[in-house]
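Sequence annotations record features per position, and here TrEMBL assigns SUMO1 cross-link to K165, K237, K416. Taken from TrEMBL, the feature active site, glycyl thioester intermediate applies to C174. Among the features that TrEMBL reports, SUMO cross-link is placed at K191, K258, K625. Under the heading region 'Disordered', TrEMBL lists 203-235, 544-643. Per TrEMBL, domain 'SUMO-activating enzyme subunit 2 C-terminal' is recorded for 545-638. Look at TrEMBL and you will find 564-578 tagged as compositional bias 'Polar residues'.
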Amino acid sequence: MVQLLGSLRKELADSVSSCRLLVVGAGGIGCELLKNLVLTGFRNIEVIDLDTIDVSNLNRQFLFQKKHVGKSKAQVAKESVLQFCPKANITAYHDSIMNPDYNVEFFRNFTLVMNALDNRAARNHVNRMCLAADIPLIESGTAGYLGQVTVIKKGLTECYECQPKPTQKTFPGCTIRNTPSEPIHCIVWAKYLYNQLFGEEDADQEVSPDTADPEAAWDPAETAARAGASNQDGDIKRVSTKEWARSTGYDPVKIFNKLFKDDIMYLLTMDKLWKKRKAPLPLDWAEVQKMACPQDEVSGAGLKDQQVLGVRGYSHLFSRSVETLRAQLAGKGEGGELTWDKDDPPAMDFVTAAANLRMHIFSMSMKSRFDVKSMAGNIIPAIATTNAVIAGLIVLEALKILSGDLEQCRTIFLNKQPNPRKKLLVPCALDPPNSSCYVCASKPEVTIRLNVQKTLVLSLQDRILKERLGMVAPDVQIEDGKGTILISSEEGETEANNSRSLSEFGIRNGSRLQVDDFLQDYTLLVNVLHCEDLGKDVEFELVGDAPDKAPPQTSASEEGKSIANGSEDSAQPSTSSKAAPAEDDDILIVDSDEEPSSSAMEVAAESGSHKRKLQDAETGEGLAKRKRLEQPPAEDDDIIALD
């Protein structure tokens with residue numbers, strides 16, 4: 001007779017109470033997951049999250065309260081969970097999982113790792129660390145009503161990077177407000193700004209750093225003091241952007257200087273944000289007006305909407321659009337509001353100008369009005385119940401692993417609407433490793449097409465190896481018979497090479513580079529293909545992969561993917577791309593703390609099989625997994641019971 005301890009077999013209950021877990025992320029999914037873990041009986045948990053609590057988190061991250069605003073998510077989550085499970089042994093780290101301190105040996109301390117992350121770069125990094133440590137990883141993500149959970153085990157299943165990922169469509173609020181790294185982040189910010197100034201104000205669409213927000217202190221003691229000083233009950237008093245603008249008479253110059261000078265200077269005081277990112281450069285209206293003459297500012301041929309103005313040109317467009325929208329708002333009477341419409345010229349001018357000015361501040365290439373319009377889209381709020389469902393599924397998969405039933409693990413999709421078999425939860429078998437994966441293959445190898453005469457060593461390091469291929473501290477050696485060191489992760493050793501082109505080191509068509517990342521215990525062979533006509537704004541392409549840099553003949557919306565700021569935590573992702581599906585007029589921006597993984601996007605359809613077939617054509621990914629989704633075996637209709 002099976003002996004039970006609570007609802008679990010005694011053997012499984014013992015494994016649950018004795019195993020060590022690492023939870024990466026304490027946001028939307030992470031809060032639900034930590035609660036589920038301790039209530040299931042897990043006692044040894046370590047949780048890591050770099051973020052601090054924002055007011056906008058409180059509607060779904062239930063472990064946090066108003067009094068916690070500005071404090072460490074990981075630390076507060078630990079304290080909250082211990083209130084209803086004091087016996088749990090929980091360690092919290094207010095840090096980035098990509099910190100070199102969390103090396104392969106650190107990961108080997110755990111029985112299981114569970115991801116509850118909000119960006120692709122961190123997901124890629126944890127994937128590689130778990131592969132190096134040979135520790136099972138449970139990956140998850142949500143986007144609105146959609147969600148996914150999957151299990152990754154070295155040698156048995158696909159890793160997170162085995163298949164090319166489709167465009168990222170979710171962006172954490174902190175990325176939009178504080179650390180934009182791609183043009184789409186600035187476009188979303190500009191749309192938020194439009195609503196804050198002229199439309200319906202939404203607390204979740206705050207655009208500027210909050211001087212009353214204790215997060216800005218960065219010192220835990222000062223943070224707590226500022227939170228208390230702001231309001232004794234912990235509420236943070238925020239100044240209405242619309243009220244402030246109204247008090248200035250919607251003066252374009254004052255609004256410009258606040259948004260693009262004062263707010264940016266305040267961001268610079270958060271010095272921890274800029275240790276591994278390129279710091280933003282504030283813009284002053286008076287200084288901008290001294291810049292180059294307008295005739296020197298326009299770039300790009302073709303129609304007016306396809307031209308890219310300079311900073312001064314966009315400052316003038318910003319001023320004119322503010323004046324036009326101010327008049328429209330006045331015509332609405334007291335309490336009137338404007339509604340953003342991409343087909344409304346003044347509204348589109350405002351978003352184009354504001355987004356491009358912010359792109360310039362954060363060292364991104366600016367975009368034409370046509371590009372901005374094609375990328376601007378709708379906002380969908382995060383759904384708390386989606387996070388709860390996905391967190392529950394994570395625990396079920398963990399129990400299967402601890403039971404030794406890895407073959408019973410599944411990739412599980414949560415759909416917005418029931419599929420033809422009336423199922424919202426659709427499981428499918430885990431796919432085996434991709435033999436050509438440049439991460440988990442026995443001899444990882446990748447071919448990159450680029451112009452060796454134009455590509456600088458710094459671009460190879462930051463844009464290709466770190467951003468696109470997800471490395472943290474790469475070392476690069478040229479296979480030229482001499483063992484020439486091109487890039488060293490040791491500070492100062494090869495910095496003199498950064499401004500030189502690859503061709504200056506004898507790299508040409510067919511050259512091979514040996515790349516090592518000791519932090520990730522990862523080695524990659526890079527084959528170089530020289531190409532002189534990659535197209536406008538395309539720096540490189542990964543051969544055989546869905547390129548993140550769109551060639552010029554594709555839709556302009558895809559071109560927004562090409563520029564990222566520094567080595568930001570998303571690196572790609574967020575890391576992240578933004579191409580619109582062919583049938584969509586707009587990019588869909590999901591206002592969520594969780595980024596959907598690639599397969600979650602495959603089930604984004606409101607009607608099952610039709611959209612999945614369409615996605616096959618759009619992403620170029622294999623049909624096998626989706627066929628299983630459309631016609632799952634009878635025994636896969638539901639989540640498999642453990643006991």
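The backbone N, Cα and C atoms fix where each Cβ goes, glycine too.
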By Cα-Cα distance, the member of recorded positions K165, C174, K191, K258 nearest K416 (SUMO1 cross-link): K165
So of all those recorded sites, K165, K191, K258, which one's Cα sits nearest to the residue listed as 'active site, glycyl thioester intermediate'? K191
Please work out the number of neighbouring Cβ atoms within 10 Å of the Cβ of K416 (SUMO1 cross-link), leaving out its own Cβ. 16
Taking the Cβ of C174 (active site, glycyl thioester intermediate) as centre, how many other Cβ atoms lie within 10 Å? 19
Of all the recorded sites given, K165, K258, which has the fewest Cβ neighbours within 10 Å once its own Cβ is left out? K258
